[in-house]
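Listed in TrEMBL:
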BINDING   6, 7, 8, 9, 10, 11, 12, 13, 61, 115, 116, 117, 118  GTP binding site
BINDING   13, 40  Mg(2+) binding site
């Protein structure tokens with residue numbers, strides 16, 4: 001199981017829909033217009049077939065207070081942040097620290113996704129890493145942490161996310 005977490009409005013639902021498209025096309029071809037999405041109330045389960053079936057459980061951002069009840073059987077964690085909204089970064093960082101300190105997630109591999117790099121107001125990766133002190137977080141975390149800049153809307157970086165999921169779920173059995 002892979003958990004997909006992040007604040008409301010960061011693009012989690014669109015990411016899952018786009019990952020399905022990318023995996024079904026083997027990363028080839030234009031993704032076209034993004035499909036319509038609505039804020040997730042509750043949870044969505046989606047299977048991505050990428051060499052093997054990977055189930056992604058997306059939890060709505062408003063469910064933050066009860067995310068921990070879904071940590072069991074979590075092999076990997078996709079944590080999404082909005083690269084175009086600096087005011088949300090600190091709240092997202094607090095959420096991330098809570099996730100990384102959970103014993104249930106101590107063995108999970110973590111991919112931090114900085115989404116919305118297609119927007120003109122997005123912050124550079126180095127600026128975001130510096131603002132949330134990501135090098136310090138990575139140094140103190142028990143988990144193996146990777147970062148990626150993506151645009152779920154445009155499809156930028158999604159092949160890399162899929163490759164990370166494949167490698168992580170292959171390595172974890």
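Cβ coordinates come from backbone N, Cα and C, glycine included.
Predicted automatically and left uncurated, TrEMBL annotations should be read as such.
What TrEMBL annotates, mapped onto the structure for a quick look.
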residue	record	Cβ contacts under 8 Å, 6 or more apart
6	GTP binding site	12, 61, 79, 80, 81, 82, 92, 95, 113
8	GTP binding site	39, 60, 61, 62
10	GTP binding site	61, 80, 81, 82, 88, 92, 115, 116
13	Mg(2+) binding site	37, 38, 39, 40, 44, 58
118	GTP binding site	151, 153, 154, 156
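Residues 6, 7, 8, 9, 10, 11, 12, 13, 61, 115, 116, 117, 118 are listed as the GTP binders, and the farthest two of them sit 22 Å apart at their Cα atoms. When the binding-site residues 12, 116 are compared by the number of other C-beta atoms lying within 10 angstroms of their own C-beta, 116 comes out lowest.
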